Structures are given as structure tokens and as C-alpha cells.
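J.: Attaching a single structure in C-alpha cells format; questions to follow.
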Ligand SMILES: Nc1ncnc2c1ncn2[C@@H]1O[C@H](COP(=O)(O)O)[C@@H](OP(=O)(O)O)[C@H]1O
Ligand SMILES: [Mg+2]
């Protein structure tokens, strides 16, 4: 398939079964004894991350031959091009290991420096979100059953007070806490992986601030889904995040994901990331 000739919604629909397939593989591996290895950035990786990544790279290669796939476990082997995929085969590896079910498979197609189509699948929660031009959500049917019912999702208007904030279960930092304390947060929910973007896209929460380090494959797909659902994902000073920065090892700066852009002026993000404080 040539990407230039395809519309974004049909690309997103084609990405969904790839992420769901990888998610089913992860579900099967949940019960297996999974040995973890700690990476240089302090986060864990497992055989499941590698198996899901290999499957996704193969399926993307079959569908879109020659389009580079920058994926978490093998990112240094590939250079981004005008079009490229950013893949996190298992976002929330800590949660996969601990069995909370809050992990996701993230795939984003980037054109230039911004995503144009994306999927986030949360296999253990049986939910999947996609976006081309429009953001949609469906329940993942049990294996062997057909029929996905895609429904449009949209972020909600922020309430005057009592915002619902999503915070990382495993990676906190003081700068994020300082940003949140300047807002009238009513509820804080610990949530792992790119699910945070998707829950805001579905109108189930209002804000996710992250001043500790993350990688482009953690955010690109969720960024696109939330942006197409009416929200915004902004860096310090308000510009959208950009992708494909191989020169900085695909590290993101601080960002805020908002269901309602009118919250943005009340936020003060630091210019650089603070060191992550691993919480478990
Ligand atoms: N020191 C660090 N540097 C870069 N990224 C980090 C990091 N610590 C955590 N992360 C990122 O934070 C992600 C988890 O975020 P959350 O806590 O919101 O679930 C991890 O995703 P993976 O689980 O895919 O490795 C990892 O990419
Ligand atoms: Mg990740």
C-alpha cells in the first residue's frame, strides 16, 4: 500500500488488527513466567516486548513495504524517513509484569514530524482506540469473534474545578506534582501506559502532565488520538510535540495532555525533564 494514496482513517483501520494481534500475543504471554531485564533508563523489558515487536514489524512490513519502523526495542537500527512508524509493542511493561492489565500496544504513523494515523490497544481491558482524521474507540472482541463496533470519541469540556488528573503509577517526579498543585484537581487516578491519553480522549479524565522522561513511542499514538478527539498535547510554552528526533534518542521533553485546551494557560511546564523517580 502507498501511504500517499491512502486516507488517514483507512490507515488507522488497517493498524487496528495489527495492534490487536500483538495484544493477543501479549495476553497469551501474561501467564507465562516472564523474566525481566532492566534497561539503561531503568525501565524493565521482557521476552513479551520482543515477541510483540517482532510481530508488529513483520505485519507493518507486509502492509507498507519499505516504510521504516522505529520500535522501542530496536530503535537504534532504523532511521526515520518522510513517513515512518513509531511503535511501543508493550507500553507499561511494569504493569504487564505486575498483572494490573494497564498496558498498551501503541503504533503511530508519522509524516514529517507529526502523527497522521494511530492505534492504542489495551488488550487486557479489551479496549482499542484509533484515529486517522477522526478518533474512534471499540471493544476488542474475544479471539475468533468478528465484528468491531467503532464509536466516535471526544474529549470533554473541563469543569471549573475538580479536574480528573491521570498520573503515572510507576514514574513520578516533583515537577509534575508542582504543575498539578497549581490546578484545581479533584481526583487523581494512577494509570499506566498510553491509556492516559485515550481515557482523556474518551472524556473520562481531563489532564495528564508528565515532566519526567518518556520516549516518542510512549506518546505519539496517544497524542494523535487525543488531538483528533478535540484535546491537545503540548510542550513547554504550548507547541505540539514533534517526532522523529533520532539525534536526541527519541526522548520527549515535558508535556501536558489536555482534554480541553482552555486549561493550558493555567499550566507552567518546566523547559527540561526532571529525573524520573521510579515508584515500583
Ligand atoms: N528514565 C526514563 N527514560 C525514558 N523513558 C522512561 C524512563 N522511565 C520511564 N520511561 C518511560 O515511561 C513509560 C511508562 O510510562 P507510565 O509510567 O506512564 O506507564 C515506559 O514505557 P515502557 O513500559 O514501554 O518501557 C518508558 O518508556
Ligand atoms: Mg512505553
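Glycine residues also receive a Cβ, built from the backbone N, Cα and C atoms like all the rest.
Feature list, courtesy of TrEMBL:
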BINDING   72, 88, 91, 218  Mg(2+) 1 binding site
BINDING   90  Mg(2+) 2 binding site
J.: With an 8 Å cut-off on Cβ distance to the 72, 88, 91, 218 Cβ center, who else from the chain surrounds the Mg(2+) 1 site?
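T.: Checked against the 8 Å cutoff, the neighbours are 87, 89, 90, 106, 193, 194, 215, 217.
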J.: Tell me the Cα distance separating residue 218 (Mg(2+) 1 binding site) from residue 90 (Mg(2+) 2 binding site), rounded to the nearest angstrom.
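T.: Rounded to the nearest whole number, the Cα-Cα distance is 9 Å.
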J.: If you skip the near sequence neighbours and keep only those at least six away, which residues in the chain come within under 8 angstroms of residue 218 (Mg(2+) 1 binding site), Cβ to Cβ?
T.: 88, 91, 106, 193, 194, 252
J.: Across all protein chains in the structure, which of the binding-site residues 72, 88, 91 has the highest Cβ count within 10 Å?
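T.: Selected residue: 88.
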J.: Kindly assign residue 91 (Mg(2+) 1 binding site) to one of the three DSSP-derived states: helix, strand or coil.
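T.: Note: residue 91 (Mg(2+) 1 binding site) is in a strand by DSSP.
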